[in-house]
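What TrEMBL says about this protein:
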TRANSMEM  77-100  transmembrane segment
TRANSMEM  107-126  transmembrane segment
TRANSMEM  142-167  transmembrane segment
TRANSMEM  187-210  transmembrane segment
TRANSMEM  216-240  transmembrane segment
Amino acid sequence: GQRDEEEEHHSLETFTFYLSEPLSKERVEAFSDGVYAIVATLLILDICEDNVPDPREVEEKFHGSLLEALSEYGPNYLAYFGSFVTIGLLWFVHHSLFLYVTKATRLMGLLNILSLAFIGGLPLAYQLTSEFAEESHNEIEAIQVSCVTTFFASIFQFAIWTTALLYERETLHPLARYGGKEHAFMFAKLALYPCVSLGAFFLTCLLSEFSTEIFHLMQIIIPFAFLALRIFVRISLTIIKSGMSLSRQKVVLLEEEEACLSPTETLS
């Protein structure tokens, strides 16, 4: 019985050590960049394949007006730009995350692969939201699939950063550690997409008027939310620091006043 306990304890130590074992950061970034590039390429090929009007149709149906013919593909183009913005910003968040990661572990690599698996599903989400648009029966379900895909792709990125914080002395740059200058902004940046996708999912359950056009416009607006988030975090940190400095100044002034008072005045 004692030998079984020792073997079980040894196996747990080996498994824990295996998950925290170092992994080549450069290979993780190279593999991730390759997946993002392929996903973006697939999205570009999808928009170029079936969303170009036929010349005969332009002449006969739209009297030679190419702009009127392209207007029929407006929902598809909007879905393309919204999906491409999502892929681009998720890549940007991934790049910002590994910019502060000094050493990757195998657990972080596993979480990164899970995130990339859902990143690879974004072209599928684009096809669903472009095909089942214009108040079709499955429009809401297509939006929900896109929200779930984006949520899991971003929540695994957040899990990578959380895992890095557990071993922050070995894995993270000092600026991104607890109390670092970029810690609050990294938390807000990595939490933005999970919160937005989860909020959009619940909106589809509450609002029957929620459409693919609104969903893709939300995707396009998110870059401005990144900028507003940066400004908001900076202002909040400035206010907190100024408040802490004022409280420290008050404490110092009170200590100086008490030091200047005589013993009898202090007792009174």
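Cβ from N, Cα, C; glycine included.
Keep in mind it's a predicted model, so treat the numbers as computed, not measured.
Within its own chain, the transmembrane segment (216-240) is flanked in space by residues 78-79, 81-83, 85-86, 89, 129, 184-185, 188-189, 192-193, 196, 200, which lie at least six positions past its ends and keep a Cβ under 8 Å from the stretch. Remote same-chain residues near the transmembrane segment (187-210) are listed as 89-90, 93, 96-97, 140, 143-144, 147-148, 150-151, 153-155, 157-158, 161, 218, 222, 225-226, 229, 232-233 (criterion: CB distance under 8 Å, separation of at least six residues from the stretch ends). Sequence-distant contacts of the transmembrane segment (77-100) (same chain, at least 6 residues past either end, Cβ-Cβ under 8 Å): 25, 28-29, 32-33, 36, 39-40, 43-44, 46-47, 51, 70, 115, 119, 122-123, 125-126, 129-130, 133, 150, 153-154, 157, 160-161, 172-173, 175-176, 182, 186, 189-190, 193, 212-213, 215-220, 222-223, 226.
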